[in-house]
Amino acid sequence: MLIWLAELSDHIHFFSTHFRFLNLFRYITFRTGGALFTSALIVFLFGPRIISSLRVRQGRGQPIRADGPQTHFKKAGTPTMGGLMILAGIVVSSLLWADLANVYVVATLLVTLGFGAIGFYDDYLKVTKQSDKGFSGRARLGLEFIIAAIAVYFMMNTALSSGPAGSTFGSSIAFPFFKSFMLNLGMFFVLFGAFVIVSAGNAVNLTDGLDGLAIVPVMIAAASFGVIAYLAGNFVFADYLAINFVPGTGELAVVLGAVIGAGLGFLWFNAPPAAIFMGDTGSLALGGLIGTVAVATKHEIVMAIIGGLFVLEALSVIIQVGFFKMTRRRVFLMAPIHHHFEKKGWTESQVVVRFWIVAVILAMIGLSTLKLR
């Protein structure tokens with residue numbers, strides 16, 4: 001929204017001569033920093049009030065898994081739905097600092113709010129029923145897929161229209177380590193993109209099981225994709241690195257700046273012992289947001305590297321469930337895999353910090369693919 005002030009100075013001589021500082025709003029880097037600080041400030045200021053309100057309204061808070069580690073029972077009574085704080089920071093900050101005429105920004109916010117609403121309803125059912133069983137799995141996935149498909153459709157059409165006539169770039173998948181090889185999926189790209197976004201949302205959701213475990217890797221992924229979005233949206237940098245130039249995606253760096261700021265604010269309250277959990281409200285929204293940016297920038301496969309920790313968590317659940325159905329035995333002591341390490345004797349802080357380290361290493365590997373071609 002603030003970028004419009006800079007555009008206003010192009011048409012009104014008074015603004016262009018007396019308010020030259022408005023030109024700062026043209027720069028993505030400046031607005032990214034502004035979005036970061038704004039979202040962090042929003043969460044810091046309103047976080048305590050939101051936590052107090054949720055604690056009163058929820059009573060017993062988020063239910064604790066009966067088969068989980070014994071150390072988790074001391075967390076009983078901790079309120080959930082802390083994702084509301086994160087969403088408030090991201091959305092308000094993005095509305096202020098991002099270009100709302102940008103299709104990629106609108107699509108990303110659509111997925112973020114849509115997935116956040118689904119997660120909120122899931123959290124609401126869990127709290128009111130005092131059960132870890134919330135929204136019907138199939139219904140939830142169906143709604144997520146519809147929202148994601150709508151976003152991907154509009155992003156794909158935007159990419160197709162911004163390219164040369166006859167270009168299939170918008171409906172194609174790019175591969176790391178290859179300069180020009182792309183696989184055109186046609187309209188099936190909508191299904192592929194939606195699958196990526198839904199998978200990302202649920203992978204982050206599965207990771208959110210310990211204090212601070214999910215939010216820091218999310219910020220690491222957001223920072224990584226902030227760099228990717230900025231480079232992919234800049235022709236000079238994209239040409240130099242031989243990555244796909246996607247006009248308009250640089251604006252997503254502003255939204256990702258808001259994610260980092262909101263994440264920092266939330267971590268202040270989520271640091272162990274957590275005063276609040278983000279719940280599905282936050283984890284689904286954040287994962288969906290990262291997935292949408294990956295699809296927009298044509299770095300879906302790179303996301304599997306940068307977000308490898310989330311992939312590992314999701315795979316551990318898939319393997320555990322699948323193997324148990326076939327053999328009635330378990331591969332892990334408990335899934336997702338962070339609980340497996342708790343059962344092995346790692347303290348919660350050891351699991352969290354070591355997983356953070358893994359997330360940093362994977363992000364560095366993922367970013368290195370931008371140059372290794």
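Cβ atoms are placed via backbone N, Cα and C, with glycine included.
Some features that Swiss-Prot has for this protein:
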TRANSMEM  34-54  transmembrane segment
TRANSMEM  78-98  transmembrane segment
TRANSMEM  100-120  transmembrane segment
TRANSMEM  141-161  transmembrane segment
TRANSMEM  181-201  transmembrane segment
TRANSMEM  212-232  transmembrane segment
TRANSMEM  252-272  transmembrane segment
TRANSMEM  275-295  transmembrane segment
TRANSMEM  301-321  transmembrane segment
TRANSMEM  350-370  transmembrane segment
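For the transmembrane segment (301-321), the residues of the chain that approach it from at least six positions outside its boundaries are 173-176, 196, 199-200, 202-204, 206-207, 217, 220-221, 224-225, 228, 287, 290-291, 294, 330-332, 335-338, 340, 355, 358-359, 362-363, 365-367, 369, judged by C-beta separation under 8 angstroms.
Taking Cβ pairs closer than 8 Å, the transmembrane segment (181-201) reaches residues 111, 115, 141, 144-145, 148-149, 151-153, 155-156, 168-175, 244, 283-285, 287-288, 290-292, 294-295, 300, 303, 307, 310, 314 in its own chain, all 6 or more past its ends. For the transmembrane segment (100-120), the partner stretch with the most Cβ pairs below 8 Å, chosen from 34-54, 141-161, 212-232, 275-295, 350-370, is 275-295.
Here the transmembrane segment (252-272) has Cβ contacts under 8 Å with residues 28-29, 31-44, 47-48, 51, 82, 85-90, 93-94, 97-99, 104-105, 108-109, 211-212, 215-216, 218-219, 222-223, 225-227, 229-230, 233, 278, 282, 286, 289, 293, 296-297, 348-349, 352 of the same chain, all six or more residues outside its ends. Within its own chain, the transmembrane segment (212-232) has Cβ neighbours under 8 Å at 28-29, 32, 204, 238, 241, 243-246, 249-253, 256-257, 259-260, 263-264, 266-267, 270-272, 274, 278, 283, 286-287, 290, 293-294, 296-299, 302-303, 306-307, 309-310, 338, 351-352, 355-356, 359-360, 363, 366-367, 370, counting only residues six or more beyond its boundaries.
Ranked by number of Cβ pairs under 8 Å to the transmembrane segment (275-295), the listed stretches 34-54, 141-161, 350-370 are led by 141-161. Sequence-remote contacts of a segment are chain residues at least 6 beyond its ends whose Cβ falls under 8 Å from one of its Cβ atoms, and for the transmembrane segment (350-370) they are 176-177, 210-213, 216-217, 220-221, 223-224, 227-228, 231, 241, 243, 272, 302-303, 305-309, 338, 341-342.
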